[in-house]
Structure formats: structure tokens, C-alpha cells
Amino acid sequence: MTPFPLGRPARIAVLASGRGTNLKALMEAFPKGHPLGEVALVLSDNPEALALRRAQEGGVEAVVLPWRGRRAFEEEALALLEAKGIDLVALAGFMRLLSPRFVDPWYGRLLNLHPSLLPDYPGLNVHRRVLEAGEAWTGTTVHFVDRGMDTGPILLQARVPVLPTDTPEALEARVLRREHRLYPKALRLVLLGYGFPPEGLRPLVGEEAWARLQALSPRVRPFHLLALGFLLQAGKAHLAPEALLGRGGPWARGAFLFARLVAEEDPLLREELLELPEEVGRAVAGALFRVESPL
Ligand code: GAR
């Protein structure tokens, strides 16, 4: 269902069109020699991208594929990813839409970062639109890339408050700071095998539980997916259908606590780990540690 964990360090490619602060965060989280994975390649469609300089400064191979149309870019990029043995691709401020030719073979191993709480505010000029709408909260989303624009299954989100005094620039800066922590964490979820798109689960959970999963809103479904990811990696896949139906005992409760605590550190929720049977509590705490830990 998910090729991860690989049992060896993953080779990560980052595609970036601009300033590259999220690239920097990813390079710091996944340096050479990191047991989980290393940023091994940076690709840009823009020869002027600051991201390219950041890659070079960080000792990471940086390649420019100047934009000469989608087909040419995608063919070159696909060939390069294969030649370099890349396992996972992260879009970080990559401002082009990718076609099914690129997206389909990488589905499940291709992530995007978007500066809103998707499915709200897809597309461009997000912060200005959020302010104009008078929102009290915005946020950022990491999702698997599918054929649509900012539509793929959500992996992880974080909320960010909007202040009445914010300009689009001030809001962007606050969201960016949050993204620098969220994106590495989302990659760790995937590389550890906790995060994957839903489709592969259908045969595992059966039709009733699958229908329940499908009926959930796009912002709630990710918690269920992460909980199932936890059960899978804990060797408890057989509990997945029951868990989706709101049953499944302490392992299911532990799995959902894991999913919520991954998304948002909450001291009261963390205390509930102590109410679980010791074996379950230990498994959840261990999984959380691996996801939170930069090493
Ligand atoms: C980030 O805020 C990212 O969410 C956004 O571009 C910024 C890149 O910043 N991505 C998109 O809007 C994609 N539709 P960075 O270059 O400093 O990492």
C-alpha cells in the first residue's frame, strides 16, 4: 500500500520556483546521512530562483530545467528523478501545475505544501483573499498531489491565527514560520509509513468502513488516515475496519490520539495516553517521538 518505510534512507527531491525557505527547512531536517532520508536533488523551472543558491550552499545538487512548456519540463524532470534514484518528491513553492503524465506515476510519493486550510482557498493570492474574507483563522496544508489544483488527499494541516492588524505580508510570514515545522513533519509521516493516500485502504477495510471514510469531510479524513497508518505500522492492521467504524478498543483509541497529537500538541490529550493499557501507550508515545524527532 505504501512503499515506506524503505529500510534505508530515502532520496528526496524538492521542486521549487522561488525563494526556497521551505527547501531550507527540508534540507535542515533531512541532511546527508540522516537515517530516514536526505534531500538529494533540487529542481527548479526558474534559473533566478533563490532556492537554487540555497541548495548549492547546502551542498545539494541543483538542476535548472528552464520552462519551455509543460511536456518538455515534465519529460526531463521524470527522467532526472529516475536517474537520480529519487523515492519522494516535495513541491515547495513550485508554481506550475503538473499534468497526469507526471502526477500519476508519482501518486502517493509526491507532496505539495499550500498556504491555506484546504479545501478553502486553493490557488494564488491566498493571504489577501483570507484577509478580505475576514477570517479569524487560516493555516497551511500538506497534501498528496493528484490531477487537480490543490485537490489531492490532505496529509497534515496546521492552523494559524489571523490578526485584524495583519497585512498579506505579515500573514504570509506567520504562515511560513508554521510551514517550516509542518513540512518536515509531514515528510517524516510518509517516510515512516504513517501517511499515505486513502485508495490502497479500500480492500483492507471493506466496503462499510470505506463508505464511512469517504463520507468524512476532507479536513477530518486525514485524522482517520493517520490513525490507520499507526495501526498498520503497529502490526494491528486487522483492527482498521473496526477503528473506522468507531470501535476497535484501546488500540483504536490510541491510534486516534496519535493522529490528533501529530497534528496539534495538546497537553490534555497527551495525558489521556496514560489511560491506555501500557503496551498501547508505549507504542503511541514511541510513534509520536519518531514523528516529532528531527533525528
Ligand atoms: C509557501 O508559503 C508555500 O505554501 C507556497 O509558496 C510558498 C513558498 O515559499 N506554495 C504555494 O502557494 C503553492 N500553490 P518558499 O519559497 O519560501 O518556501
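Just so you know, the numbers here start at 1 and follow the chain as drawn.
Heads up, the Cβ atoms here are built off N, Cα and C, so glycines get one too.
TrEMBL annotations: computationally assigned, not manually curated.
Taken from TrEMBL as is:
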type: ACT_SITE; residues: His114; note: active site, proton donor
type: BINDING; residues: Gly20, Thr21, Asn22; note: N(1)-(5-phospho-beta-D-ribosyl)glycinamide binding site
type: BINDING; residues: Arg70, Met95, Arg96, Leu97, Leu98, Asn112; note: (6R)-10-formyltetrahydrofolate binding site
type: DOMAIN; residues: 11-187; note: domain 'Formyl transferase N-terminal'
type: SITE; residues: Asp150; note: site 'Raises pKa of active site His'
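Features recorded in TrEMBL, as mapped to the structure shown.
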residue : record                                                  : DSSP class
Gly20   : N(1)-(5-phospho-beta-D-ribosyl)glycinamide binding site : coil
Met95   : (6R)-10-formyltetrahydrofolate binding site             : coil
Asn112  : (6R)-10-formyltetrahydrofolate binding site             : strand
Asp150  : site 'Raises pKa of active site His'                    : coil
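Within 10 Å of the C-beta of Arg96 ((6R)-10-formyltetrahydrofolate binding site) we count 15 further C-beta atoms, all protein chains included. Cβ-based neighbour count (10 Å, all protein chains) for Leu97 ((6R)-10-formyltetrahydrofolate binding site) stands at 13. Of all the binding-site residues given, namely Thr21, Asn22, Asn112, the one with the smallest number of surrounding CB atoms inside 10 A is Thr21. Closeness to ligand 1 is met by Gly20, these being the binding-site residues among Gly20, Arg70, Arg96, Leu97, Leu98 whose Cβ falls under 6 Å from the molecule. A sphere of 10 angstroms centred on the C-beta of Asp150 (site 'Raises pKa of active site His') encloses 18 other C-beta atoms.
The Cβ neighbour count for Gly20 (N(1)-(5-phospho-beta-D-ribosyl)glycinamide binding site), using a 10 Å radius and every protein chain shown, is 25.
Taking a C-beta cut-off of under 8 Å and a sequence gap of six or more, Arg70 ((6R)-10-formyltetrahydrofolate binding site) has these contacts in its own chain: Arg96, Leu97, Leu98, Ser99. A separation of roughly 12 Å, to the nearest angstrom, links the Cα atoms of Gly20 (N(1)-(5-phospho-beta-D-ribosyl)glycinamide binding site) and Met95 ((6R)-10-formyltetrahydrofolate binding site).
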